[in-house]
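According to TrEMBL, the feature domain 'C2H2-type' maps to 1-26, 27-54, 55-82, 83-110, 111-138, 139-166, 167-194, 195-222, 223-250, 251-278, 279-297.
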Amino acid sequence: CHVCRKAFSKSSNLRRHEMIHTGVKPHGCHLCGKSFTHCSDLRKHERIHTGEKLYGCHLCGKAFSKSYNLRRHEVIHTKEKPNECHLCGKAFAHCSDLRKHERTHFGEKPYGCHLCGKTFSKTSYLRQHERTHNGEKPYGCHLCGKAFTHCSHLRKHERTHTGEKPYECHLCGKAFTESSVLRRHERTHTGEKPYECHLCWKAFTDSSVLKRHERTHTGEKPYECHLCGKTFNHSSVLRRHERTHTGEKPYECNICGKAFNRSYNFRLHKRIHTGEKPYKCYLCGKAFSKYFNLRQH
């Protein structure tokens, strides 16, 4: 490339790369108007609207809209993790996951937003962040019409309708709606805390908790409410706050239909139906549905 000197093995890859510099996006979606530099990216995007999933796993039948996601999924069946971190020994099925993990050691954030300069460790985080500037929400729920900036947020939301919990802990059998929540849960078994603050060296089980902690040092509140201007140190707190303006209650009980504006209150409510009492007194064995009630006891 004559602009940045990056080199490629194929001329077609060079032509694709050059569009990053020119900003040309000739392929437009006829449904939402979003434009893409490459025809293949447009086709992938169109599947968001149609829900089409062309790539099916021959072992379990799970289907995907992208061949890349199918290949990543197939490794789950083999259990193979050939990519090992030379710093901590943690192994990964995919080299891309290893590279992302290594950035947790080095703090590297190579992907910068051209509008505000904020940097990110992953391209997916950058793309998600850019939507905070342009307001784009390309992922729509076909059941209630609610739109989201990221496809993972749509999938999480859809499970509030279906009650699906596809991620199961192999140690205790507990199931979760999100893979990230499963990974956090697994660390309660292993005690692993891979995310370390470079200012005070406190360690955390989750990267999002580390980012929240770092803001206690910096005082940063990057998430602003577009309705009242109030700022927050975490996106989830902003989303909760926005519901005070909109009155939205996205968490609906599939048994009685009662709706909630916070997932925590929704989880507490579900225990009324299930009878679950996860908080047990270690002295007398009495169990409670709420941690607060255990503390009182």
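Heads up, the Cβ atoms here are built off N, Cα and C, so glycines get one too.
No curator has checked TrEMBL annotations; they are predicted automatically.
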Give the nonlocal contacts of the domain 'C2H2-type' (139-166) in its own chain as ranges (CB under 8 Å, at least six residues past its ends).
48-49, 51, 128, 131-132, 175-178, 250-252, 254, 266
Chain residues in Cβ proximity to the domain 'C2H2-type' (1-26) (below 8 Å; excluding those fewer than six residues from its ends, i.e. six or more beyond):
35-38
Looking at the domain 'C2H2-type' (111-138) and the domain 'C2H2-type' (223-250), are there 3+ C-beta pairs under 8 A, with each pair at least 6 apart in sequence?
no
Which residues of the same chain, at least 6 past either end of the domain 'C2H2-type' (55-82), have a Cβ under 8 Å from a Cβ in it?
44, 47-48, 91-94
State the non-local partners of the domain 'C2H2-type' (27-54) in its own chain: residues 6+ outside its ends, Cβ under 8 Å from one of its Cβ atoms.
16, 19-20, 63-67, 136, 138-140, 142, 151
Can you work out which residues elsewhere in the same chain, 6+ from the ends of the domain 'C2H2-type' (251-278), have a Cβ less than 8 Å from its Cβ atoms?
160-163, 240, 243, 287-290
Secondary structure content of the domain 'C2H2-type' (83-110), with strand meaning DSSP E or B:
12 helix, 4 strand, 12 coil
